[in-house]
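Colleague: TrEMBL feature annotations, pasted as is:
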type	residues	note
COILED	60-87	coiled coil
REGION	283-342	region 'Disordered'
COMPBIAS	289-318	compositional bias 'Low complexity'
COMPBIAS	319-342	compositional bias 'Polar residues'
REGION	356-397	region 'Disordered'
COMPBIAS	374-387	compositional bias 'Polar residues'
DOMAIN	413-441	domain 'C3H1-type'
ZN_FING	413-441	zinc finger
Amino acid sequence: MAKESAVLDFCQRFRTIQAQRETSDTLIKDLILYCERIETSLKSENLRLAKQVEDTKLDLADSIQSRRELQKRIEIFENEYARISQEHELFKSRNPYVTILIDGDGLIFQEQYVRQGIEGGKRAAYALRAAVADACSDFDPEIEISAKVVANLTGLARAMARDGCLDTPSDLKDFTLGFTQAKASFDFIDVGYGKERADSKIRENTRWHLQNQNCRQILLGISHDAGYAPFLDEILRDETTRRRVSVLEGVPPVRELVATGVHIFKIEEHLFRSDKLIDRTVNNGTHLSSSSTTAATTTKKTTTTTTTTTTNGAKATSPHTASATPFQPTLTPPLSTHAASPFSSYSTMAQKAAAKPASPPPQITIPLAPRSASAGTRKQPAAQQPKWNPGPRGLDKPIAVNQTVLEVVRKRKDNNKLCNNHFLRGPCAKGDSCTFVHHYRPTQDELDAIAWLSRLNPCTSGQDCEADDCIYGHHCPHMKDDVCAHPYCKFPVDAHPPGTKFKNPHIDKNF
């Protein structure tokens with residue numbers, strides 16, 4: 001029994017050793033397989049890293065080359081920039097200049113210069129240049145100075161004559177010639193009639209010079225006109241521009257300009273007037289109208305009823321079988337009291353009062369046209385004429401119209417409308433291309449209606465119109481009791497009597 005037990009024990013011990021050996025073999029096999037997988041993975045990673053290192057070396061070499069090229073280009077650009085900056089500074093300092101822009105409608109030279117004609121103009125130009133050169137010496141001792149004065153010379157001459165500071169218009173003309181001849185860069189420009197012509201030139205020239213870096217300073221002779229305040233607010237938006245723009249003082253600056261904060265430059269040489277032009281003739285009593293020079297009206301025999309049109313637009317009819325009675329000379333009524341106050345500028349005064357007071361329309365005697373089929377309706381009396389003097393052309397002669405005929409003519413629209421130019425001034429220049437009616441024979445009442453309707457449109461030349469056959473209106477025909485009754489009146493403010501009340505809230509936009 002003991003021997004059998006020993007054998008079994010050996011067998012058991014053998015099985016145990018054999019199981020351990022199998023386990024060791026399995027472990028070794030698993031280790032070998034694992035090492036193979038790790039080796040394969042490491043080989044793949046090494047290959048990837050080796051390729052990445054190679055690419056990095058290439059990128060590094062390319063970056064070094066690019067950096068060197070970039071450094072060379074930066075050096076070239078820096079040199080070019082330095083050259084351009086130097087040239088720019090050279091150009092900015094090569095031709096520095098100061099420009100003077102004067103609105104001659106209100107900034108007026110002193111009387112002693114104007115009366116001297118050409119010589120006075122040259123003296124004024126030299127004095128202006130010397131004063132500005134002294135004030136701007138900090139910029140450059142050799143800085144160039146240019147000046148441009150824009151004005152309506154015709155209106156200015158009339159206004160100055162009424163103020164008493166000018167004897168004849170030729171003196172002002174000679175003065176402007178002398179001012180222009182004094183320096184090549186000095187100009188005195190006549191812009192003619194127009195409310196905004198001088199203003200627009202001042203504004204556009206200012207904008208142009210502000211864009212020019214060579215312009216060191218802009219002196220604006222606009223101290224009299226509050227209408228420039230919005231323009232100054234527009235351009236004075238940064239400190240650089242604010243330092244380059246100043247207002248040249250003649251007349252004390254209006255508060256609207258002072259409120260913009262613009263610098264005010266005053267010349268101490270008393271070159272410009274410090275007061276505004278006024279109409280001194282108003283204080284000299286009434287003026288004889290030009291109709292007083294007429295001894296009598298033309299006599300004419302007629303057996304028809306005649307219509308006498310008076311200066312206020314009223315008419316009277318009476319049987320006429322003898323020669324017309326000559327009318328007596330009349331006096332022009334004095335202007336309203338506030339018309340004698342100083343005007344904001346000579347152009348306003350020239351538009352509101354001409355050099356010679358125009359007379360009211362003379363009394364005329366004309367035969368009535370044959371009564372037409374629609375003559376059963378009374379003719380509408382001409383609109384009441386204002387008792388004032390609108391300017392050199394004077395008041396338009398009143399036109400009496402047949403109300404019924406007027407409504408018929410007014411209702412014609414588009415292509416059926418009668419051509420004003422064709423029937424009032426002769427054959428229409430457009431001929432067959434005109435869109436209005438030409439082939440028609442209007443009655444006298446219809447011609448009067450056409451003329452009356454044409455007067456509702458303001459003449460573009462206003463009181464400066466010299467056309468004898470002008471068919472348009474030269475002052476507002478809608479006046480009644482110091483009120484402009486038309487809610488959409490097309491006439492400018494100065495085509496109305498002083499102190500007029502307006503129903504058109506936008507009347508100030510008409511010019």
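Note: Cβ is positioned from N, Cα and C throughout, glycine not excepted.
Since we're looking at a predicted model, the values are computed, not measured.
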Colleague: Residue list, the coiled coil (60-87) vs rest of chain: Cβ under 8 Å, 6 or more residues beyond ends.
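Modeller: Distant Cβ neighbours of the coiled coil (60-87): there are none.
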Colleague: Same-chain Cβ contacts of the domain 'C3H1-type' (413-441) under 8 Å, 6 or more residues past its ends?
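Modeller: Distal contacts: 447, 450-451, 453-454, 469, 471.
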Colleague: Which whole-number mean pLDDT does the model give the coiled coil (60-87)?
Modeller: 92
Colleague: How do the residues of the domain 'C3H1-type' (413-441) split into helix, strand and coil according to DSSP?
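Modeller: For the domain 'C3H1-type' (413-441), the helix, strand and coil counts are 12 helix, 2 strand, 15 coil.
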